[in-house]
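A short write-up of the structure that comes next.
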Amino acid sequence: MPLLPYALTRPFLFGLDAEAAHELIIDLLARGQRTPLQWAWCNQTVDDPIELAGLRFPNRVGLAAGLDKNARCIDALGAMGFGFVEAGTVTPQAQPGNPRPRMFRLPEARALINRLGFNNAGLQAFVHNLQQSRLRAAGSALRLGLNIGKNASTPMAQASSDYLACLEGVYPHADYVALNISSPNTQNLRTLQGDAALDHLLGAIAERRATLAARHGRRVPVFVKIAPDLDEAQLSLMAATLQRHGIDGVIATNTTIDRAVVQGQRHAQESGGLSGAPVLQASNQVIGQLRAALGKGFPIIGVGGIMSAEDAVSKIRAGADLVQIYTGLIYEGPALVVQAARAIKAMGGCGPVIALPNRS
């Protein structure tokens, strides 16, 4: 368990502006990783190996994209007990994102609203940081997902060019690549979830992936991250499109633009994506509908509203194969990672993924 109980540090962090606290933590993790300071947040990884999309994961609990946008803290995050970490979202060129303030806590709801807008240092810096990871260089069992998007200045008609540029850049470093087409904080980005736009984008991705697989001698799985604000008909069309283009999995879900559950709370009317406890039910519903549309064997990573071990289990029962945490980490601390992984392991064969025997 972590040597520094999160309950002691959370009041200090919550006394800061939400984004300032985020930046402080990222900076501390980046500076402290690979030093004795890392013991302050180190957890033992729960040994619950599974295989999905041709990849072996140490356990089913991962970190969602958005926390480590520039891949600065992979080694530190890997020490928290995650089975996989997803870094990004990265865009081809560096961009500042939307004006501040742009991240807000809703403590009563155990939620966050953000409208960051893919603020990141760009693809070149992202790849440089990936190359500095000792875990990656040492062949760690930790799986690494790299989440890619488009620059705000790129016209939607040319969006595929940004995704292709990022795919090309991150491909040698990724265990899987995630296409973020569902952030509500880049204007019109969610139109890429429409049938025709998605068909065009995924066709281009599939073609480029085939070229890269031949060049690098390995086929990197591609996942698509979707919104919770889609109806069943939209999900059915999307499922068919994903399968038609040989996409390897779906990440369900991103943040929501719906505010019904948090009406009346401070910051509830701020624009942006809502994450945390209020998203759990909607996310689980989308997971269930996707599982029905995609069938038993199609990989689903469930994310949205995991604030406890029981919430993580609910994602698996809804139809997810793996789960990801982000806002829960902010409210509950690193101990949630191990708690969730242990609870899922205790399910035994109840989840949709077959557990593999431990390797000595």
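From the backbone N, Cα and C atoms, a Cβ is placed for every residue, glycine too.
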Listed co-binder of FMN (same site as A65, G66, L67, D68, K69, N147, N180, K225, T253, G276, G305, Y326, T327, source Swiss-Prot) among T45, T89, T211, T241: T89
Residue pair A65 (FMN binding site), N254 (substrate binding site) - Cα distance, angstrom, rounded: 10
Fewest Cβ neighbours within 10 Å, where candidates are the binding-site residues G117, G276: G117
Separation of alpha carbons, N180 (substrate binding site) and K225 (FMN binding site) (Å): 5
For N254 (substrate binding site), the three-state class that DSSP assigns: coil
Cβ contacts of N147 (FMN binding site) (under 8 Å, same chain, 6 or more positions away): A65, G66, E86, A87, G88, T89, V90, V177, A178, N180, K225
